[in-house]
Amino acid sequence: MSKYDSHLKCSFCGKSQEQVRKLIAGPGVYICDECVELCNEILDEELMDAPAAAVAGGGSPKPDDSRPKRRPSRERLSFNQIPKPREIKKYLDEYVIGQDEAKKVLSVAVYNHYKRLSLASKPGEETSEDHIELQKSNILLMGPTGSGKTLLAQTLAQILDVPFAVADATTLTEAGYVGEDVENILLRLLQVADLDVEEAQRGIIYIDEIDKIARKSENPSITRDVSGEGVQQALLKMLEGTIANVPPQGGRKHPYQDCIQIDTSNILFICGGAFVGLDKVIEQRRGKKSMGFIRPGDTNQSKEKRAADLMQQAEPDDLVKFGMIPEFVGRIPVMASLEPLDEETLIAILTQPRNALVKQYQKLLKMDNVQLEFNKDAVRAIAQEAYRRKTGARALRGIVEELMLDVMYELPSRKDVQRCLITKEMVEQRSTADLLVHPSSLPTPESA
């Protein structure tokens with residue numbers, strides 16, 4: 001507030017802003033920090049008295065649907081409760097098929113990160129030998145679209161029971177330009193944590209499409225690269241660890257608001273991207289460029305395998321050559337490469353994980369008392385079509401949704417259907433599914 005605002009007073013207690021620590025402005029009214037604290041005490045007393053009043057009246061307290069439900073705070077993991085890398089990988093195996101090397105890298109990095117947090121939460125137990133500072137190791141996941149980058153990060157957050165937020169790097173721009181500020185990433189995490197700052201400071205943020213903020217050119221340009229190098233520069237401090245000011249309503253539409261301060265030192269950042277063309281950069285570095293000729297007998301699958309093998313050998317210098325600035329690469333020391341999904345892996349994704357797509361649709365139809373079956377040829381045909389679409393596991397849901405649309409439209413209105421069978425012909429020709437009706441619903445010879 002300016003020096004001309006010394007006359008401002010709290011609308012509730014009448015104290016001037018000089019008499020209180022904080023005066024919060026609203027539309028035509030003001031409230032001081034002391035009144036806010038008093039309101040919190042009153043609400044806490046009412047919440048504590050409600051169960052007692054209900055017991056005295058012989059009944060249970062009626063839920064007040066108008067009051068927002070506060071999520072119970074997560075119990076923080078002690079050192080002994082942190083799952084070991086083998087346990088983390090085993091849990092990931094239940095939800096994500098393949099990508100064993102990436103799972104190992106993630107499991108070790110996440111285990112070490114939360115060991116670091118448990119050490120920081122026990123300052124009283126330090127000895128003279130414990131003054132070694134453990135630095136944060138953010139993670140970079142490289143792999144084609146639909147290979148499981150986001151799912152891996154999301155599953156990690158589930159096993160650790162920490163807040164998790166996903167951000168899209170393509171929407172970010174430097175401050176002052178059209179687009180989102182980098183602080184909006186922290187705002188998403190804060191919202192997931194129900195505005196609990198301490199909880200948010202232990203969370204995981206996954207920044208997708210990170211390769212899209214690569215520099216447009218290796219040479220400095222006269223024009224400002226506000227969505228490329230500029231965003232990388234803006235993310236540097238956040239990745240390393242800083243006290244960031246986060247506007248709770250978004251900074252650009254509500255510029256005059258009190259910001260929430262978040263320490264990003266203990267937030268784990270996982271960045272993911274396809275990095276299309278990085279394999280060629282690695283190939284040039286290794287001196288194995290094939291002068292533009294294609295070897296006879298090369299198939300799309302063998303080309304993808306070669307590209308995936310090259311991505312496994314990526315080094316920080318390759319990322320700099322690709323367009324990431326050295327300072328940014330240095331703040332993401334852990335790198336893992338995901339392999340493209342082949343036909344057999346897509347088949348496994350359809351049927352094996354705990355929440356496999358086939359199991360999800362079987363559960364949906366079971367609620368309508370219908371047994372859903374996919375024969376083996378149908379599953380393979382779905383995987384083959386998904387492989388041709390080149391969008392990884394994401395294509396599977398789209399294909400199954402197309403197949404099941406008519407079935408899910410008709411079945412809720414029919415009580416005579418007992419079983420639904422999806423065949424290869426239905427997948428390839430989009431023909432009608434085979435429906436088996438209850439024997440009791442069949443016409444009898446007398447009625448026929």
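Keep in mind that glycine also has a Cβ here, set from the backbone N, Cα and C atoms.
Same-chain residues at least 6 positions away in sequence with a Cβ under 8 Å from that of CYS32 (Zn(2+) binding site) are, in sequence order, CYS10, PHE12, CYS13, LYS15, GLN17, VAL20, ARG21, LYS22, LEU23, ILE24. For CYS10, CYS13, CYS32, CYS35, the entry in Swiss-Prot reads Zn(2+) binding site, with the evidence type sequence analysis.
What Swiss-Prot lists as ATP binding site is PRO144, THR145, GLY146, SER147, GLY148, LYS149, THR150, LEU151, and the listing cites sequence analysis. Classification of LEU151 (ATP binding site) by DSSP places it within a helix.
Here Swiss-Prot flags 1-51 as domain 'ClpX-type ZB'.
Annotation comment: Swiss-Prot describes 53-79 as region 'Disordered'.
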Fewest C-beta neighbours within 10 angstroms among the binding-site residues CYS10, LEU151 belongs to LEU151
Local confidence of the domain 'ClpX-type ZB' (1-51) - pLDDT mean: 76
Tell me which of the binding-site residues THR145, SER147, THR150 sits in the most Cβ-dense spot, judged by other Cβ atoms within 10 Å. SER147
CB neighbours within 10 A of GLY148 (ATP binding site), counting all protein chains shown, number 27
CYS35 (Zn(2+) binding site), number of other Cβ atoms within 10 Å: 18
Reduced DSSP assignment, CYS13 (Zn(2+) binding site): coil
